[in-house]
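Here is the structure we will look at, set down as structure tokens.
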Number of protein chains: 2
Amino acid sequence: MIGVFDSGIGGLTIVRELVRKLPEYRLIYFGDTARTPYGTKSPETIISYAIQDAEFLLEHGAKIIVVACHSASSVATEALRQRFPEIPIFEVVSPSVKKALAVTRKKVIGVIGTRATVSSGIYQKKIAEIDPEVKVYGNACPLLVPLVEEGWLKKPETRRIVKKYLIPLKMRGIDTLVLGCTHYPLLKPIIQAKAGRRITLVDPACEVAEEVAAFLSTHPEIEAKLSKNGKHQIYVSDLTEAFEQVARLFMGRKVNLLKADCEMYHVIKPNGS
Amino acid sequence: MIGVFDSGIGGLTIVRELVRKLPEYRLIYFGDTARTPYGTKSPETIISYAIQDAEFLLEHGAKIIVVACHSASSVATEALRQRFPEIPIFEVVSPSVKKALAVTRKKVIGVIGTRATVSSGIYQKKIAEIDPEVKVYGNACPLLVPLVEEGWLKKPETRRIVKKYLIPLKMRGIDTLVLGCTHYPLLKPIIQAKAGRRITLVDPACEVAEEVAAFLSTHPEIEAKLSKNGKHQIYVSDLTEAFEQVARLFMGRKVNLLKADCEMYHVIKPNGS
């Protein structure tokens, strides 16, 4: 199976694109709703969560892993590749960087995302490696995730807040804007309206699905391992009615969420105090 | 020590009141920032987290426990009392209920809080036990926590959103409003302005501090166990710069957060699939 994990159910936007582009493969998704969100947490914590999430997917039959969460993609990809060297690991940052570089004309790119994603500076780093002349400006937008999860996709409050978040980026003269969080594609109409026609939006969900498709077409030995029959499996570590509603919003249709058979608990290490 | 736990750093509003009212006692605080927030999660998950949080405090010397988190107070208090029958456990709902009943004239009370708190119906239940004639209306306000954590305490967007959340309660004719989440006292000026002068706000932080003070004055055998020297200890399960800033906002002064020596991880139980 193609394994996909995310801090919550936002990653279903990625699942939707994967299913659209690669309808023949079976998917397994893990959303860590018991500890969501990741974007406000420290890199060490995000890395430790990401490794556990990947382990869950591998134990349940995933042969490749897609990190749908931008915060985890930004800070945990290296750690995941070190921990699981045999497993092809895809993440949402690299294909978005490639796309953003392909579309920018003025070489000024904006990135919006969670605090963890933006303050990781990962986009700046990856873009500078390819084209050091490109300027990259980030702005953390912590209110957009709760606004989407409230279902306030078209409310005037949402418009005002999106506008406010985009002002500093527009003042820098960006012509390309990366939607650096799984939730933001749902706000695409508002973001495009407030950004203006001259700014091209990059949706990482589309880009990562393209990348996985290209990889499978050139790696038949991996492709052969993927199961092609049976239902997709969508697991979450915590289940609430609100999550089911939001999952529906993200997938565009009713989704059966399964409660993953795992528990999260504190392990208190012995210490001196 | 007096132990206080919360899903994050919002519970520091309770610590502030406890320190103000009971300056002679040493406090230990645990904020579960690695899994914050609780208010969007299921009752089972919140109960399991609350038990772990209480264990952390007890292992570190707490003799009484104050549940600062409204979501945990609403759904986990019974489970905590069953698990730790020897330990006096205080929570924020009961003293707020008492206060709300004391101040309402028209017997119509509003409650705002997270989804977990509001959908638990705990206020309705507790108030009906004391005075079944009182009407209680709740409204979940999931955007207020992220707005406070962004520091948007006076922004026009915040005013508009507060107004929107209060409309259905005002239409019910409430004359008393319980601020059923640790973050809301920071929005008191806006909430009061949008609620209007005729609505009295109930701040659970003040009420629970009163209750603890009253308990200690009548239980000298417990009071004697509390340490009266040394610094307060403020632990969090995850540490970020943003948390430190928000902690300062909540306490009204610089706070030294200590990273708790604990790890959160998934324990995957063996299962058939």
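The backbone N, Cα and C atoms fix where each Cβ goes, and this holds for glycine too.
The active site, proton donor/acceptor annotation in TrEMBL covers B:CYS69 (among others). Its Cβ taken as reference, B:CYS69 (active site, proton donor/acceptor) is surrounded by 35 other Cβ atoms within 10 Å in the chains shown. DSSP gives B:CYS69 (active site, proton donor/acceptor) a coil state; it is part of no helix or strand.
According to TrEMBL, the feature active site, proton donor/acceptor maps to B:CYS181 (among others). The number of other CB atoms found within 10 A of the CB of B:CYS181 (active site, proton donor/acceptor), across every protein chain shown, is 30.
Neighbour density for B:THR182 (substrate binding site): within 10 A of its CB lie 31 other CB atoms from the protein chains shown. The substrate binding site annotation in TrEMBL covers B:ASP6, B:SER7, B:TYR38, B:GLY39, B:THR182, B:HIS183.
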Around the recorded substrate site, report the further residues of that chain (criterion: Cβ within 8 Å of the mean position of the Cβ atoms of B:ASP6, B:SER7, B:TYR38, B:GLY39, B:THR182, B:HIS183; site residues excluded), sequence-ordered. B:GLY8, B:GLY10, B:GLY11, B:THR36, B:PRO37, B:ALA68, B:CYS69, B:HIS70, B:SER71, B:ALA72, B:THR114, B:VAL145, B:CYS181
Taking 10 A as the limit, how many CB atoms besides its own sit near the CB of B:TYR38 (substrate binding site)? 26
Mapped DSSP class for B:ASP6 (substrate binding site), helix or strand or coil: strand
Max Cα-Cα distance in Å among B:ASP6, B:SER7, B:TYR38, B:GLY39, B:THR182, B:HIS183, the residues listed as binding substrate? 13
How many Å separate the Cα atoms of B:HIS183 (substrate binding site) and B:CYS69 (active site, proton donor/acceptor)? 10
Around B:GLY39 (substrate binding site), how many other C-beta atoms are within 10 angstroms of its C-beta? 28
